[in-house]
Amino acid sequence: MVFKLSPASPAGKWLGFVTAVWVQAISGNNYTFSNYSDALKSLMGLTQLQLNSLSVAKDVGKAFGLLAGLASDRLPTPVILLIGSIEGFIGYGVQWLVVSRRIQPLPYWAMSIFLCMGGNSTTWMNTAILVTCIRNFRKNRGPVSGILKGYVGLSTAIFTDICSALFADDPAKFLLMLAIVPFVVCLTAIFFLREIPPSSTAAEESDETKYFGVVNVLAVIIALYLLAFDVSGPHGGLFSQVFAAILLVLLASPLSIPIYLAAKSFIRSGADTIDAEKSVTEPLLAGEAEKKVVATSLEEVGEKRRPVLGEEHTIMEALKTVDFWILFGSFLCGVGTGLAVMNNLGQMGLALGYADVSIFVSLTSIWGFFGRILSGSASEYFIKRAGTPRPIWNAASQILMAVGYILLAMAMPGSLYIGSIVVGICYGVRLAVTVPTASELFGLKYYGLIYNILILNLPLGSFLFSGLLAGFLYDAQATRTAGGGNTCIGAHCYRLVFMVMAIACVIGFGLDVLLSIRTKSIYGKIYASRKAKKSSVSNLQ
């Protein structure tokens, strides 16, 4: 048998996943606004409210992610990735031209459009990656979501630390990286990432779990490596270059999995391969196919039955459920307030007397990674172990986030360090847990669009908590500067903002507890289904 690396082979499947990880590792550029916001503010002579409105324009780009969601059911993954890469290249490229002073500052409305394009570009990348990978690895949705969203969180620290190491935190060069690097990485993923059949046997599922464990370990090593660089103080030029080189090697290290599988396949060329013709619509719950046959028969003689949670929903069917809006509202309370902190970290740091705020941006990113990757794997483990509803993890993150905001409001020495870590962890948990939760409650058929409707919370939350709440309250405390902008120094600048956001998180906690109660039976069925499948396999052996 002649060895051939096809997308449907184990090696090809994991090579596609590795390129997906790389795309996620560079697609968190939406969270890096604080690294160059001060340059935009001084260059354009903006007030804090105007600057926050620019950050909202960046997040409004995610509202147009509905287009990516619609396209995900009609266009192949490579086309969706290509659209996102080109849009990001233009959006961040123009911002680089302005900040590097190669062109005169554009009118405010024009800058808003290009920031919006940069923000929208990530929705195409994330939709292509998440939809494809969750369908390819549907039996391990939690780890897939945790790893992919974890690398999105790490991407902020990756960009920030490389820029700090090589370009001394130059905002113009930072924007140039945001324009070029995602474009090149997406072009790489275009060749390898495809939607292929999921695992069909217990042995394949077990192998997937093992390889996800390897990816988790490598990701944690990268996170700790970035954290060590951040907390070790100023570095010399040679040290920084060595750091960047090692980081690139670590990012390439997940390639060891497809290389191992390719070598194993080559040596054992007679081993069974994945049947590429197998259906990719295997239901999550055992016996679901039989239930659907019965339901279809009933529908032939009566009115169409409305799907219940755990079955495939159309967009309108999902939007008509109370559970969708509970999930939507709780998501808003978590990611909306988290985005407000990330968008204003630059000004928060300056208000508390920190000249360099890049450490806080990196801390939020790195600890956001730990929140994403640990919650994805932990929530999956407890579903398999005891049928624990996944939304309960969101509830825990909401209450912890409220505590973090109270600490930030108190403005004690070091509270910004602690607050950045807490907000990063909880924001990460929210993203990593909500992604598989939506697929489990409403199905995978229209998941791309359902995911992007939930992501509307990013621009909505940014507008409410960053654009309005933080912008207005900061400007009310600030004094005018000679250049036409304003500034505020002291703990009072954001105290009321943090208190309001803490209240919002308590509301989100209540919504998540309610959703956990309402979905307890669904996760009980998933647990029973997987336990029955494992028992049947054991009996056959």
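Heads up, the Cβ atoms here are built off N, Cα and C, so glycines get one too.
Database features, via TrEMBL:
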DOMAIN    13-259  domain 'Nodulin-like'
DOMAIN    311-523  domain 'NFD4 C-terminal'
TRANSMEM  79-98  transmembrane segment
TRANSMEM  110-134  transmembrane segment
TRANSMEM  146-168  transmembrane segment
TRANSMEM  174-193  transmembrane segment
TRANSMEM  214-232  transmembrane segment
TRANSMEM  238-261  transmembrane segment
TRANSMEM  324-342  transmembrane segment
TRANSMEM  348-370  transmembrane segment
TRANSMEM  391-410  transmembrane segment
TRANSMEM  416-437  transmembrane segment
TRANSMEM  449-474  transmembrane segment
TRANSMEM  494-515  transmembrane segment
For the domain 'NFD4 C-terminal' (311-523), what's the model's average pLDDT?
-> 86
Is it the case that the transmembrane segment (174-193) and the transmembrane segment (110-134) have 3 or more CB pairs under 8 Å, with pairs at least 6 apart in sequence?
-> yes
Counting only pairs at least 6 apart in sequence, do the transmembrane segment (238-261) and the transmembrane segment (324-342) share 3+ Cβ pairs under 8 Å?
-> no
In the same chain, residues at least 6 away from the ends of the transmembrane segment (391-410) whose Cβ sits under 8 Å of its Cβ atoms read 327, 330, 333-334, 337-338, 341, 348, 371, 375, 378-379, 416, 418-419, 422-423, 425-427, 429-430, 433-434, 437, 494-495, 498-499, 501-503, 505-506, 508-509, 512-513, 515-516, 519
Where else in the chain does the transmembrane segment (146-168) make close Cβ contacts, counting only residues six or more beyond its ends and a cut-off under 8 Å?
-> 20-21, 24-29, 31-32, 35, 126, 129-130, 133, 174, 177-178, 181, 212, 215-216, 219, 222-223, 226, 229-230, 235, 240-241, 243-244, 247, 251, 358, 361-362, 364-366, 368-377, 380, 424, 428, 431-432, 435
